[in-house]
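Heads up: the structure comes next, in structure tokens.
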Amino acid sequence: MTSSLPLAAVVLAGGASRRMGRDKATLPFDGPSGTTTMVERVLSVVSARCEPVFVIAAPGQALPELDAVVLRDEVRGLGPLLATGRGLRAAAEAGRSHAFVSAVDMPALTPEIIDVLAGPAERLNADVVLPWDGRDHYLAGIYRTALHTVVAALLDAGERSMRALVDAVDTQRIVLPEQPALANVNTAADLAAILPPRLGQQTAVTGASGTGNSIPN
């Protein structure tokens, strides 16, 4: 069931990809619609629920032509917090109050993950709603776009981690069993282990419970 909450999407594509040994955003991926790149695969998923979509890329990073707004990090290598703040600010300026923030290296992501989070994000007065399947998934959550000001303050204080952001604001966690759709691809072996999901398959997210539950850090 989809939520009526209008969402932007922020896809972080500018990571260093050290363990993969090459840019993960442009890594070929055999998806349900044929061979594509990782960034195009993730965009196809988030675009099913979110508009507009922003891709945060590294300076000079080569990307295919994308149906999204591409923004460049001003400095390379400062981590996801800076990129998240940039994307949230752009989403706020586009008139969206909330955005789904995603890593580029989750090719098994499905729209149903967004649905599971969007309902609680609409009902609860929380700043961040994250999936929790034994660990936090900071880069698969819904964030209030006004948090870009909090991100800026954290960066000014020398913080670089996403945990610093979620610990500083009201964060709700939605308890799920382990979700293959949330798997990150860091190595070639990780990629080989992922079976392409069917877009729109309702069983892609199973057993969501505990709406609004907070898990101790």
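Note: Cβ is positioned from N, Cα and C throughout, glycine not excepted.
Just so it is clear, the model here is predicted, and its values are computed rather than measured.
Asp105 is the only one of Asp67, Asp105, Asp115 that Swiss-Prot places in the GTP site (with Leu12, Ala13, Gly14, Lys24, Asp73). Comparing the binding-site residues Asp73, Asp105 on other C-beta atoms within 10 angstroms of each C-beta gives the minimum for Asp73. Comparing local CB density within 10 A for the binding-site residues Ala13, Lys24, the maximum falls on Ala13. According to its DSSP assignment, Ala13 (GTP binding site) is coil.
In sequence order, Ile56, Pro80, Ala83, Thr84, Gly87, Val101, Ser102, Ala103, Val104, Leu139 are the residues near Leu12 (GTP binding site), counting only same-chain partners six or more apart with C-beta under 8 A. Maximum C-alpha to C-alpha distance over the listed GTP-binding residues Leu12, Ala13, Gly14, Lys24, Asp73, Asp105 is 18 Å.
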